[in-house]
Amino acid sequence: MCSLPVPQEPLRRVVVTGGTHGNEMSGVYLARHWLRTPVDLQRPSFSALPMLANPAATAVCRRYIGHDLNRTFTNTFLISKATPDEPYEVTRARELNQLLGPKSSSQAFDFLLDLHNTTANMGTCFITKATDVFAIHLCHHLQLKNPKLPSRVLVYQLSQDETYSLDSVAKHGMTLELGPQAQGVLRADLFSQMRSLVASSLDFIELFNQGTAFPAFEMEVYRFLGCEDFPHTEDGDLAGMVHPQLQDRDFEPLRPGTPVFQMFSGEDVLYKGDSTVYPVFINEAAYYEKNIAFMKSEKLLVSIPALPGLTPVPTPLT
Amino acid sequence: MTEKPIKKIAIFGGTHGNELTGVFLVKHWLQDGAEIQRTGLEVKPFISNPRAVKKCLRYIDCDLNRVFDLENLGKKMSEDLPYEVRRAQEINHLFGQKNSEDSYDIIFDLHNTTSNMGCTLILEDSKNDFLIQMFHYIKTSLAPLPCYVYLIEHPSLKYATTRSIAKYPVGIEVGPQPQGVLRADILDQMRKMIKHALDFIHQFNQGKEFPPCAIEAYKIMEKVDFPRNENGEIAAIIHPNLQMKPQPQHRGLHYGKTGDEPSPFTQMAACLLWTCMCMKKAVCLCSGHPKTKYIILTSSPKAQDLFLSF
Ligand SMILES: [Zn+2]
Ligand SMILES: [Zn+2]
C-alpha cells in the first residue's frame, strides 16, 4: 500500500477532539477546559481548535446515543441522505464532516488529534494509519520526548474508503488512547499525561511548520490483525471471562496453548491460534457488545522514511 | 443474636445492571447452583434489575437501590411509574414484605465499584449482632486478603436499599472494576465472600457458638462532592495521592482540617483552590453477650467519595 503524501505546506488547521466517546473522561474534560481557555492550544504558526465531538453522549456520560460515532465516518454514512429517524451520531458525523472535512478533500483539516480512554491496561498508546508517515513521525517524536513513559504505536491498514474513525476526516490524524481508566471516571494521572502529550504533539507540528526536517528511523509497531470473541452459552450469554493470566497483559506475547478464558464452571480455555500474537484492548468495557474479548496484533519493525523540511516561505502574520 | 434458624436467603445480582460480577455469578448459579446450596437452607439467586442488565446500564429510569422506602413501595401500581419503582414492588412482593414476618431472612446484594475498595461488606445497623458475627467470620476466613466493613447508618445519608426488605440486609461491594467489565480476580473474591457467608449461616443453624467479637468498621460521615464551576461541571479531579493508595500507609492523610494537609483534589486550572473536606471515622462494632459498644475515632483509609459509586 502506498504511503500518504507528507505535507508540503505548514499545518495551520489542526483540531483536538475529546468526547468522541462520551464516557471517556480525560478527553471530555480536557476539551471542556480548552474550550474555556484555548490559549494552551496556541502555537506561533497555528491555533488548534478544541472540540467536543459527541456533546449529546457526553451530556449523559454514555459512549454514544444511537451508534458508535467513531465507526460512522464511512462514505456510506457521510453521503447518505438525512432521515428523521437516523441515529444521532449519523447526523453528527455529517456535521463534523462539514466542519472538519470533507473527508478526502483538499478543504479538510490538516491534522486531527482524537482523545480516548480504555478500560484495558493499554498504558499510553498511539493509534494511526500505517500509511500516515507524518503521524508516525509524530508518534516517534512523542516517544523520544517521553523516554520514561512506555508507549506503543498501534497501526491499522485500511484504504481511505474503508476508514471509519473520526480522525480519518482530516488529511492526517492520530488517536491517543490512555488506560486503564473506567468509563465515567476521571483520574488525575491520566488527565495530566494526556494534557502533556497533546502539548508535545502541537510542539511537533510547530517544529515541522518552522521547517524542521525529521530523519528516517526504524520503529517497533503493533499492527491490528483481528478480534477474539468471548466464550458463550447456547443462549448467547457469556460463559466465561478473560483469564487472570491474560488480564492486564496488553502488548505481551500470547502463545498458542496458553490460557485466555476462565469459564464460570472453573475450567480454562486455551488460545488456539497457530502463532504468537500480541493482544490489545483486553477486556475493554465497550467491546462486550461488539463480542470482542481482545484484539490481536503482530509486532513489526518498520522503516519510516525521512520527513523532509518544508521549503521556507514567508509566513504571513495574521 | 437471633434465636430462630435462618431459612430463606436470596442473592441479588444486577441491582445495578453494569456491575457485572454479581450479574454473572447469579446467572451462573441459576444454571448450576451446587456451590451455594447448604443443608436446610433455601438459597435463591436472583437478577434484580433484568432490564438494566440487558442494556448494561446502572438503571433504566431511577436507581433501584434507592427506592425501597415505604412511600415508593406503597405507590399504586401503574405503567406510568418509573420501571425501577415497579420492579421494587415486584421484588418486595417476592422477597418481602418489608418489615413483615414473611420476609426473607437474608438478602446478599452484589455490587462493584470503580474505587479501590477491595472487598467491602456493607452494614445498615450497628446493633445487628448476627451480622457483626457473620462479618467477623468472613473477615477471618478471607485473611490475609483484607475485607472492610462499611456502616451506612446515618440519619440523612442512609438510603432505602434493595436488600433492606430482608431481616438481615448485606451489601457486598468489590472493586476496583470498571462498569461493564468482568474481571476474574474480582469475581473470585466475591465468590469467596458468599461461600464464607453461607458457611457461617450453616454453622450457626447447626448450633455452633460464636464467642463475642469486635470488628472495625468505617462509618459514613458525609458525602464529599467534587469542586464545581459556575455551570455545575466538575472543576477538579481526585488528587493522585488519594486515588488508589495502598490503604494502611494512607491513614490520617485526609482527616485533618488544619489546612496543611494535601487536598484530595487536583485543580484543572491553577487559579482554582479547594480545601480538604473531612471524611469518615472508623467505629468499632462489638457483638456477643456483653452488649457494650465503643467507638474509636480515627481517620478512614478510604477517603475517596465512596458514595458516588455505590
Ligand atoms: Zn474511545
Ligand atoms: Zn452498585
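The count begins at 1 with the first shown residue.
Glycine is no exception: its Cβ is also placed from the backbone N, Cα and C atoms.
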Binding-site annotation, TrEMBL, Zn(2+): partner of A:HIS21, A:GLU24 in A:HIS67, A:HIS116, A:HIS137 | A:HIS116
Around the Zn(2+) site recorded as A:HIS21, A:GLU24, A:HIS116, what other same-chain residues have a C-beta within 8 angstroms of the site's C-beta center?
-> A:GLY19, A:THR20, A:ASN23, A:GLY27, A:ARG63, A:ASN70, A:LEU115, A:ASN117, A:THR118, A:GLU177
If you average the pLDDT over the domain 'Succinylglutamate desuccinylase/Aspartoacylase catalytic' (A:11-205), what number do you get?
-> 96
May I ask for the distance between A:GLU177 (active site, proton donor/acceptor) and A:GLU24 (Zn(2+) binding site), taken between their Cα atoms and rounded to an integer number of Å?
-> 10
Just how many other Cβ atoms lie inside 10 Å of the Cβ on A:GLU24 (Zn(2+) binding site)?
-> 28
